[in-house]
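Colleague: Would you mind keeping the following structure in view while I ask a few things?
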Amino acid sequence: MKVGLVMGSDSDFPIMKKALDVFKEFDVACEVLLASAHRTPAVVKDFAADARDRGLSCIIAGAGAAAHLPGVIASFTTLPVIGVPIDATSLKGMDALLAIVQMPSGMPVATMAINGAKNAALFAIQIGAANDPALAAKYKTYREDMAAQVIAKNKKLQESLENN
């Protein structure tokens, strides 16, 4: 599996790096691009238009403020696009969330929570795991490990309550 990861500004990188960390954990290849829907639209178009030919299975796009990047990418590819609204203004990411989630009919963008790059990467992995049994097994183990951590924390809490 190979995923595209696009951000509209270098200030988005601390948030979007969380997706890169997930891809590293799952051994998923990732093309990273910094490009603006408004300042470098030709770069965005070229990246999206031949993404399938380069072997990408989906594209994650993070942007703040007007946050047109995910929608512009979706307009140039038939691959799934996952939008990550980024908290970049005094509106705390609500402007970006609404810009991404309110795509016109027929031009879908899956939208994550504000600053939700980690979940965007996990969602991309779920998409890839649908046709990749090895990736599906890794993701299943990841989920089982998460559940085990919660169970262990609950056990510790219950023991603490019994001792008080």
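Cβ atoms here come from the backbone N, Cα and C positions, even for glycine.
As annotated by TrEMBL, domain 'PurE' applies to 1-150. Annotated substrate binding site per TrEMBL: Ser9, Asp12, Arg39, in sequence order.
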Colleague: Just how many other Cβ atoms lie inside 10 Å of the Cβ on Asp12 (substrate binding site)?
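Modeller: So the number of other Cβ atoms within 10 Å of Asp12 (substrate binding site) is 23.
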Colleague: Among the binding-site residues Ser9, Arg39, whose Cβ has the fewest other Cβ atoms within 10 Å?
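Modeller: Among the binding-site residues Ser9, Arg39, the lowest count of other Cβ atoms within 10 Å belongs to Arg39.
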Colleague: Which residue counts does DSSP yield for the domain 'PurE' (1-150) in the helix, strand and coil classes, in that order?
Modeller: 72 helix, 27 strand, 51 coil
Colleague: In Å, how large is the greatest distance between any two Cα atoms among Ser9, Asp12, Arg39, the listed binders of substrate?
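Modeller: Across Ser9, Asp12, Arg39, the two farthest Cα atoms sit 16 Å apart.
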Colleague: Hey, for the substrate site built from Ser9, Asp12, Arg39, who else sits with CB inside 8 A of the CB center?
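Modeller: Going along the sequence, the neighbours appear as Met7, Gly8, Asp10, Ser11, Leu34, Ala35, Ser36, Ala63, Gly64.
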